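As given in TrEMBL:
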SIGNAL    1-24  signal peptide
DOMAIN    46-195  domain 'Cupin type-1'
BINDING   N93, H98, E103  oxalate binding site
BINDING   H96, H98, E103, H142  Mn(2+) binding site
Amino acid sequence: MASFLLKSFLVVLAVFFISSMVQASDPDILSDFNVPAESTIDGNFFTFTGTRDIFGSIIEKFTVTKVSKAEFPALDGQSVSLAVLQFPGGGVNPPHTHPRAAELLFVVQGSLEVGFVDTTNKLYTQTLQVGDLFVFPKGLVHYQYNSDWNKSATAVSGFGSASAGTVSLPTTLFATGIDDQILAKSFKSDVATIQKIKAGLSS
């Protein structure tokens, strides 16, 4: 009995120790902010101007303007980033995931049809208007679509990570070199159909 209790205690202790080491989000920093080597720190370091000219512009194709730590180093360690999503009429942000953050989408122009699929394969959808917000839980497949072919739409997405990451399903599945036979079997299709999809993505 004592041996069983000791083993159980050790298993619980090991699980606790391992779970405390796992980082599911940005790590905490030990200072107010992170400073890249050789950087001058003043108000300019904390200012990003890369989105100034995008609002009010003509939207001809789906465009994402990212503001993550790659584009804005001051975000490193702050567990926050954003993206501006611009949709022409009929534009779509294909199904994708963000492995390191949830996404909070705020519609600022037009309307969007949005949706995500949970781990039980249930689809949640909504039509959003200007001023509406929608949350996409971390790591789940989701999309946004402007179904109005006559008007553009714009949204701003906030992320709970300075580097949320994006895994686009069409690109990941059909443009990374996965063998056509594997894809055909996985989608219960044929190689010719898979090759047609790949050709469509490359054009």
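Including glycine, each Cβ sits where the backbone N, Cα and C put it.
Remember, TrEMBL labels are computer predictions, not curated facts.
Summarising model confidence by region, the domain 'Cupin type-1' (46-195) averages a pLDDT of 95.
Of all Cβ atoms in the shown protein chains, 19 besides its own fall within 10 Å of the Cβ of H96 (Mn(2+) binding site). Residue environment of N93 (oxalate binding site) contains 24 other Cβ atoms, counted within 10 Å of its Cβ in all protein chains.
Cβ neighbour count for E103 (oxalate binding site): 25 (other Cβ atoms within 10 Å of its Cβ, all protein chains included). Assigned with DSSP, the residues of the domain 'Cupin type-1' (46-195) fall into helix, strand and coil as follows: 21 helix, 55 strand, 74 coil.
Listed in sequence order, F136, K138, G139, F159, S161, A164, G165, T166, V167 are the same-chain residues at least 6 apart in sequence whose CB falls under 8 Å from the CB of H98 (oxalate binding site).
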